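Asks: The structure's right below; bear with me while I get my questions together.
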Amino acid sequence: MTPMLRIALKEIRTDFRDRKTFFLLLGFPLLLILILGTALSGSFDSESGAVLKPQVLVQDASGGDKPLAEAFAAFRRQAETNGVVFTDASGTADGTAEVEAGRYDSFVRLTPSGMEVHGSTRHPIESNIAQGMLQAFADRYNAAAAIGAQRPQALQTAFSASESAGGYVQERSIDENRKPGSMDYYALAMTVAVALWGALSSVRLVAGERAQGTAARLMAAPVRKSDIFAGKVLGNVVVNSVCILAVVLLSKWAFGAYWGDNLPLALALLLTVVLLATSLGLFFSYLLQGKSAGGVVMLFVQLAAFFGGAYFPVSTKAADASLLNLWSPVYWANSSLSRLVYEGQIAPALQTMALNLGLALLLLAASAWHMNKKEEL
């Protein structure tokens, strides 16, 4: 086994034996997901405004026109299941006046010669909905009547089939993309934040050796600095990645959080955040000697999580985000991950992965340069 792998395994064993690591990277985020996802579920409920229910006044003056009356009855039953409210008018009622007074959205009068429809100018939306459905009925009735002239039994059959198929109204969502619930949102956002929390452990990769007095022994051992550096980075990335994978799977199976249909790409994106966090903590440990490095990294990670949407929802659209949001690595990953999971957009995820990898390599190169510049670790 190479010295690099030995050092990596040593880091992995040390971290997995540390209960604080498990609580920080596994227990704590799951607890936050459960608490925030449950407590703030009301704020994620979609605000569905008032449901439009067109009010239609119906007057049957067909004079015994049985095919029209039966066809309209079939249409009426189907339309009522879609929220249209029908009211029967007496033979002497003035339906047009009722509509003009705003008490109804449309007035329908069945006559021996066909069907008369009057719409409302006071409630144009409801009136247009009702008239659109009535127009669809009229077109279907005229087509069926033409067939019925040759085969009278086909008229009733046509409207019975349309009723069973729900053929007058077909609902389509304006936005067919799935919307996250509170548990879904916090599962994604908190997992990204936890991936960045890996910087808190990586800042101690070298500083911990100095504090324990083992840095001198490492330097005296027949091991190259590059092996020490690579082994510590690899071990830290593996530990954090395993914890992130556990958070993802537990939030998915235990809490029912939605992670989309492209879980491998989502995990790859989170892996780049882990790598960025490791390189970030290591860089600050060389840039700021002593205990100040840990404090600076802690402050940076918490601010990045706060402005990145880990604790409260933020818009995933760059146009709606503030400058502080845009500077947060948590926001980059969270917004790209949300668009991947709920909109199926792969390009933003790939762009964020490239950005994370580029910054990670830059920070690792700077850290390696600092290490080689010094005689000790």
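From the backbone N, Cα and C atoms, a Cβ is placed for every residue, glycine too.
Among the features that TrEMBL reports, domain 'ABC-2 type transporter transmembrane' is placed at 20-368. Feature annotation from TrEMBL assigns transmembrane segment to 185-207, 228-251, 263-288, 295-314, 346-369.
Have a look at these and tell me how they're positioned relative to everything else.
Replies: Outside the transmembrane segment (263-288), and at least 6 residues removed from its termini, the chain residues within Cβ reach (under 8 Å) are 191-192, 195-207, 232-233, 236-237, 240-241, 244-245, 248, 296-297, 300, 329, 333, 336-337, 340-341, 346, 349, 352-353, 356-357, 359-361, 363-364, 366-367, 370-371.
If you look at the transmembrane segment (346-369), the same-chain residues 6 or more away from its ends with a CB under 8 A from one of its CBs are 226, 229, 233, 262, 265-266, 268-269, 272-273, 275-276, 278-280, 282-283, 285-286, 329, 332-333, 335-337, 339-340.
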